Ligand SMILES: NC(=O)C1=CN([C@@H]2O[C@H](COP(=O)(O)OP(=O)(O)OC[C@H]3O[C@@H](n4cnc5c(N)ncnc54)[C@H](OP(=O)(O)O)[C@@H]3O)[C@@H](O)[C@H]2O)C=CC1
Ligand SMILES: N[C@@H](C[C@H]1CC(C(=O)O)=NO1)C(=O)O
C-alpha cells in the first residue's frame, strides 16, 4: 500500500494529537515534526520521526505529501498557513470564524500559485459542525439553527490568551447557558444572541510582575474571541493550573428545528453532537483523515484551498466505494 507521508508543524497539544492519530491509520506515515524551537528542546519520543527546525523545512519538500499545520489560530496560522502552502499540500484547523473568508482567499491564492492543495479550518468547529450546519439547512430550509459548545476547554481561546504579553500559561472553559439550551430543546425557536448562549471562564498564570489588570482587560476585550461574551478571568499558580486544569475535554451540539408539510405543521429536528474526553486528540483525528483526502485531491490535480464543503466525504476514508456500499450504506 502506498502511504501518505505527513509532517507536523508545531508540536503542541494538537501536534501531539496528530502524532497519536497517525498511529491509528496504517496508510499514513509520520516523517517529521517541524518546530520553531531549538530541535534539542523538543522530544517526540518516537523512533524514526525526525525533529526539524522550521527553517530547514524546504529540505523535505519531496519527502512529505501533506503537512499538518498544528499552530495556534490567533497568531501562528495566519503566518504559517501561507508560508507552508507555498511548499506543501497542507491541512490546518484555523478557527477564527470572523477571519475565515480572508484566510481562505490568501491560502487559495498561494496554494493555486504553487500547484498545492490546502484544507483549511478542519476539525469540529469549524469542521464537522460546519458540515452539519450546512446539511441541516439544506434539508430543512425553513427552520432555526443553534450551536452550543461545552462545558469544555476551547484550545483556540486558551491559545489566544497564552499569546498575551505577561501570560505564562492559560486555559479557557466555554460554558453553555442551560436556560438557552432548555428553550431550544422545548422548541421555542428563540433568537439567541452570542452573549445569551455561552459564558467564558479563564484560568491564567501571569508572569512574575505582570500587570494582571492589563491582562484581564486584554482578554475581555479581545475581538472575535471574548469581546462578545461574559468572561471571567481567574489568576492561578502554575501548580494549580497543572493539577486542576490539565485535562482538555470538550464537546457540544448543532441542532436545527424546521417545519415541513403543506401546512408547515410537522416539526423536524436534526441534531449532531460530540462528547470529547480530549479535544486535541479528536481534532487531530479529523486532520489526519483530511490529510488522506488532500493527498488524493492533489494527485487528481485539484489545487487551491478547500473547506469541509469542498472535500468529497468518501475521500476521507481509505475504504473503496464498493466497501462503503457493502459496509456502511
Ligand atoms: N477547528 C477546530 O475544531 C479546532 C481547532 N483548534 C486549533 O488548534 C490550535 C492549536 O491548539 P493547541 O495545540 O492546543 O495549541 P498549543 O498552544 O498547544 O500549541 C500551539 C503552538 O505553540 C508551540 N508550543 C506548544 N507547546 C510549547 C511549549 N511548551 N513551549 C513553547 N512553544 C510551545 C508549538 O509550536 P512550535 O513547536 O513551533 O514551538 C505549537 O504549535 C488552536 O489555536 C485552535 O485554533 C483546536 C481544536 C479544535
Ligand atoms: N475551535 C474550538 C472548537 C470549538 C469549541 C469552541 C468554543 O469553546 O468556543 N468553538 O469551537 C477549539 O479550539 O477548541
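Just so it is clear, glycine is given a Cβ too, placed from its N, Cα and C backbone atoms.
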TrEMBL substrate site partner of 149, 200, 250, 279, selected from 174, 221, 303, 307: 174
Residue among binding-site residues 149, 200, 279 with Cα closest to the Cα of residue 35 (NADP(+) binding site): 279
Lowest local Cβ density among 37, 200, 250, which the record lists as binding-site residues, within 10 Å: 37
Residues 149, 174, 200, 250, 279 binding substrate per the record - widest CA separation, whole Å: 17
Contacting binding-site residues, sequence order - 11, 73, 149, 200 vs ligand 1, Cβ under 6 Å: 11, 73
